[in-house]
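Copied over from TrEMBL:
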- 14-34: transmembrane segment (TRANSMEM)
- 85-164: domain 'Cytochrome c' (DOMAIN)
- 178-256: domain 'Cytochrome c' (DOMAIN)
- 275-294: transmembrane segment (TRANSMEM)
Amino acid sequence: MSIRKTSKTLLKRAGLIPIAVGTLTVGGSILALYPQASSAQSNNTSHLSNNASNYGYTGSYIYGSKTGGGSSNSAAITNLTLSASSIPLGKSLFLENCSSCHGTQAQGSSRAPNLQGLGAATVDFWVSTGRMPLADPTIQAVQKPSRFSRSQTLAIDAYVASLSSGGPLIPNVNLSLASESAGATLFSTNCAACHTITGAGDALASGVYAPSLSVATPTQIAEAIRTGPGNMPRFGPLTLSNQQVADLAKYVGYLQHPNDRGGIALGHVGPVTEGFVGILVGLGSIMLAGFWIGGKNK
C-alpha cells in the first residue's frame, strides 16, 4: 500500500511539472515578446488611414485656431523670437518642400490647408516632428525624424509666420519651474483618455489613433497643447495656463523615463498586464519550488 500510495503521489507531482513549466514558459514568452509586440503596434499605426476630415485636415483649423497667441502670465514658458534674417532661407525651403500642396504663399490648396495666421508654433510642431512634409494627405501623419535641421525648421517657421500675424508663438519650456505632481493630475484629467495613462497612445474611432508621447520634447508637448494638431483639442490660455502646460510637459518627460522601482518595466503597459505576468511567473515558480521541496522530503 505504501509503495502504491507513493507512486500515486509521485505521478500527481509529475503531472504538475508540465503545468508549472508551461506557466513559466508563457510568462517568459510575454516578457521576451513584448518589445516586439510594442514595436509592431507602433509600426501598424503608421498604416492606419482615413479621410482627411476625420483628423482635422480640412478647413482653416487643421493645425489649431487662428486666434489666440497662447500666452498667459507664467515664467515657466517664454516665447522664442524668430530671426527675420532667416526668412529668405525659410522661403526657399518652403517653396522646395511645401509649396506643391500649401501654395507658394502658404495659402493652401485642394490638397492642404491655408497656413497663414496659424502661428509659428503650429508650423514648428508639424515640421519638427517629421509629420510634414506628408506625401499622402489622406493618411494620418506619423512622427518620424524631421527632414530638416533645427535651424532650417526655425527658418520655415519664420517664413510662414511672416506671411500673416496671429497664432501661438514657439514656446520655450522651463522645466525647473514646473511641477511633476501637478502635471500628473492634469494629465490624468485631460490627456489619459486618449493617450492612455502611460502616454503610450491608443486607437480612436474611425481608424484614427492618439500617438505615443514617448519621444515628444517639452516644446512639442507645449505646441501640441496650444495648437491642437489633428484630432487633439486645442487648449488655450483660458483653459490651461502656461504654468499648467509646463507642468504637463514635465510629467510627460517623467513618463518617458519613469522610476521603475520594481526593476523590470514590462513596457509600462499598466498594472493589470504587469500583475498578470507576475501571477504567471510567480505561480509557476511556486509550483516548481513546492514540487522540489516535496520530492526532497519524500
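Positions of Cβ are set from backbone N, Cα and C atoms, glycine also.
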Give, as a single whole number between 0 and 100, the mean pLDDT over the domain 'Cytochrome c' (85-164). 95
Counting by DSSP, what is the helix, strand and coil composition of the domain 'Cytochrome c' (178-256)? 43 helix, 4 strand, 32 coil
